[in-house]
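> Supplied in structure tokens, the structure appears directly below.
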Amino acid sequence: MGRPRNSSFVTRGGTDESAAVPPEDAPQKSTGVSFVYKEEDSAIDGGSFEGNSATKNGRKNGTGPRRGPSTLFEALKFAISRRRPLESLLGNRTSQLSAPLLGGDEDNHENNHVVRKSEGGDSGSLTFLDLLAIGIGGTIGSGVFVLTGDVQPIAGPSAVLSWILAGLTCLLSAFSYMELSARIPTRGSCYVFCYATLGEFAAVIGGVCLTLEYGISGAGIARSWSGKLSSLVSHQLDIQWGATEELALDPFAAVLQIMVVMLCLCKLDLGKKVINVLTVTKVLLVLFLIAMGAGSAFLSPSDYPNIFKDYDTFFPEGVGGTVKGTSLLFFGFIGFDEVCCMAARAENPSVVMPRAIAGTLIGAALLSAAAQLSLSYLVDFDDGSNLDDDGEGGTNFEDAFDAKGWVVAKYITSVGEVALLPLVVLVSFMPQPELLAAMSEDHLIPSLFHKMDPNGIFRENMYVTGAVLVLITLAIPFEILWDVISLGVLLSFNLTNTSLIMLRCGNGGKMVSSRVVRKWVGALWIYGALGGYLSWHGYCKPMLDGEEITTSLTAVAVASLLITVFSLWRVDVNRQEFDDITTKKDIFMTPFIPYTPGFAILLNFFLMAQFSLTDHYIFGAFILVFVLYYFSYKTFKHLKKRSRPSFRFTIYKED
């Protein structure tokens, strides 16, 4: 049945392009209204397949409607390899940037700096000092108050060098964070870096690692704070609910977590003021500890041991003890990564982010090393005072002051730790909603996680995240989780280093082919892991423990290390140059690409090898749970789309 010629009509057809186009002999004037159903996966990033992606999606010459994957296997393969171009990513999440980050014309943008207004109304923004306070405030707490005592019986006075070496180790990875957070100043840190350069699946793994580092570790620190409060008041505050001592409900830790969530629900101006005040107070407390130990030894050297007297005094456990101490102290520097996740709220991020990360590392290393030196004067390694009450390794400033009869100093230290340790919980929680918001924007978790109120706060996000973390803080023991968290941090470091290699040498954050570089980066991971793990278990660990070196493992380790170096060289030879990256003079650029991040990857694998097999099993199980969620989520989306028809609707109006 025909339609009147002078009336509006609607054509409906399948995915055939001709069905949606009116005949050429019937001049028509479009109303400008077009409704097109597109599958989300293909609509977001149709070019994520390398090579001729248009052909793979059933399109010719890049025209016509997009066709989604026809099978579940293709859908999963598509999702795993999908990358989001940096131009699209930055445009969606940093709309208030005044200049492009990957490059740009200096004539069009004064000094080509990136300037940002606050994201959410009057929520405020973060300056360099604010970011530095977040980094140092989240770093020196566990480092000075806990790790200085733990490393003392392992390395003795040489633990001062262990702090410096641990800082330099983290600096290799920090270079990647400096450049990527300046080029991609969005919420999400490692997660977003991976999404732009490695693909969605790698980004999900990065998000899991960051959740361990941010939210989960913050819950553990809240329970540690409750333990210190219990010691201060000399009263047991937790409630036993299991057969072992570790199985206990910790209501005071849960209350602290609730207070942290409530503070984050306020405007950013209030939160950053609290952080700045607590960080300054914490630095003053650390300076007090340094003055009481190292300062007193300088004024009255006859009353304190000369820790620099000879080699055996400074290295009581040899160089091996210093190396062991370095691997332990690495955890004392992970706060700089939390700074990166706040880049979306930073003022002029291309300038302040590298400075804030570098300042965090340098400040934490100097303060922690000085505090370690102070403790070395207060605790004599030779007379056994470096041991705790149970005769096991470990001491702290409170015990050292108590042994010397300095009651006031002990009281100041105990009260100061209890008052200031909540800052670490606050700084650990703040990046978690930012990370979940980035994942929500990429449709990996529900959309409520990226809904922002007029004050720039992810309110629903914080309600849900806070409730989960309060329950974890209340009931989950953390004695076995700290090493698992460290494994997650090291893996996130390696993902970020790899992202920088791909950005500078592989795909440049664009939809271009980089198969050769990807192949050698894969070899870098395989042989870097083999070299790191086997060199520790076959050579370094037996040597430090005074046992026999395993020749076969050492030989394989050496061969793997050589292949790792060769892989880096092949990446360098086959690197692609991107003018909009290499000519960007105002952005911090990591030196010696790809060797600096490449050696950082190798060193991180070496540190990962020092954790127990049980820690690896638990970490692997944690990753597996989220991977299964990811594949289930993608399967559900694919089946849901297959159940709906894919039609193109276009409304035309005749002249």
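Each Cβ is built from the backbone N, Cα and C atoms, and glycine gets one as well.
For reference, TrEMBL lists these features for the protein:
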COMPBIAS  1-10  compositional bias 'Polar residues'
DOMAIN    588-635  domain 'Cationic amino acid transporter C-terminal'
REGION    1-70  region 'Disordered'
TRANSMEM  160-178  transmembrane segment
TRANSMEM  190-216  transmembrane segment
TRANSMEM  251-270  transmembrane segment
TRANSMEM  277-299  transmembrane segment
TRANSMEM  319-344  transmembrane segment
TRANSMEM  356-379  transmembrane segment
TRANSMEM  411-430  transmembrane segment
TRANSMEM  461-478  transmembrane segment
TRANSMEM  484-505  transmembrane segment
TRANSMEM  517-537  transmembrane segment
TRANSMEM  549-571  transmembrane segment
TRANSMEM  617-636  transmembrane segment
> Who are the long-range neighbours of the transmembrane segment (411-430) in its own chain, taking Cβ under 8 Å and residues 6 or more past its ends?
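For the transmembrane segment (411-430), the nonlocal Cβ contacts are 134, 137-138, 141-142, 145, 213-215, 217-218, 221-222, 224-225, 228-229, 231-232, 256-257, 259-261, 263-264, 271, 274-275, 278-279, 281-282, 285, 288-289, 335, 338, 341-342, 397-398, 401, 465-466, 469.
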> In the same chain, who gets a Cβ under 8 Å from the transmembrane segment (277-299) while lying at least 6 residues past its ends?
133-134, 136-137, 140-141, 144, 367, 370-371, 373-378, 397, 400-401, 406, 409, 412-413, 416-417, 419-420, 422-423, 426
> For the domain 'Cationic amino acid transporter C-terminal' (588-635), what does DSSP give as the number of helix, strand and coil residues?
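The breakdown for the domain 'Cationic amino acid transporter C-terminal' (588-635) reads 37 helix, 0 strand, 11 coil.
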> If you count Cβ pairs under 8 Å, which stretch among 190-216, 251-270, 319-344, 356-379, 517-537 touches the transmembrane segment (549-571) the most?
517-537
> Determine which residues of the chain contact the transmembrane segment (484-505) at the Cβ level, with the cut-off under 8 Å and only residues 6 or more beyond its ends counted.
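Sequence-remote neighbours of the transmembrane segment (484-505) are 173, 175-177, 179-180, 183, 189-190, 193-194, 196-198, 202, 205-206, 208-210, 212-213, 216-217, 220, 330-331, 334, 337, 514, 517-518, 521, 524-525, 571-572, 574-576, 578, 581, 590, 593-594, 597-598, 600-601, 604-605, 607-608, 611, 615-616, 618-619, 622.
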> Would you report the average pLDDT that the model assigns to the domain 'Cationic amino acid transporter C-terminal' (588-635)?
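Mean pLDDT across the domain 'Cationic amino acid transporter C-terminal' (588-635) comes out at 91.
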> What stretch, picked from 190-216, 517-537, 617-636, has the most CB pairs under 8 A with the transmembrane segment (461-478)?
190-216
> Is it the case that the transmembrane segment (160-178) and the transmembrane segment (617-636) touch, counting contact as three or more CB pairs under 8 Å in which the residues of each pair are 6 or more positions apart?
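Checked: the transmembrane segment (160-178) vs the transmembrane segment (617-636), no contact.
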> For the transmembrane segment (356-379), find every same-chain residue at least 6 residues outside the stretch whose CB is under 8 Å from a CB in it, and list them.
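That would be 128, 131-132, 135-136, 139-140, 143-144, 147-149, 151-152, 156-157, 159-160, 162-164, 166-167, 170-171, 174, 177-178, 181, 283, 286, 289-297, 304-305, 307, 329, 332-333, 335-336, 339-340, 346, 385-386, 395, 397, 400-401, 404.
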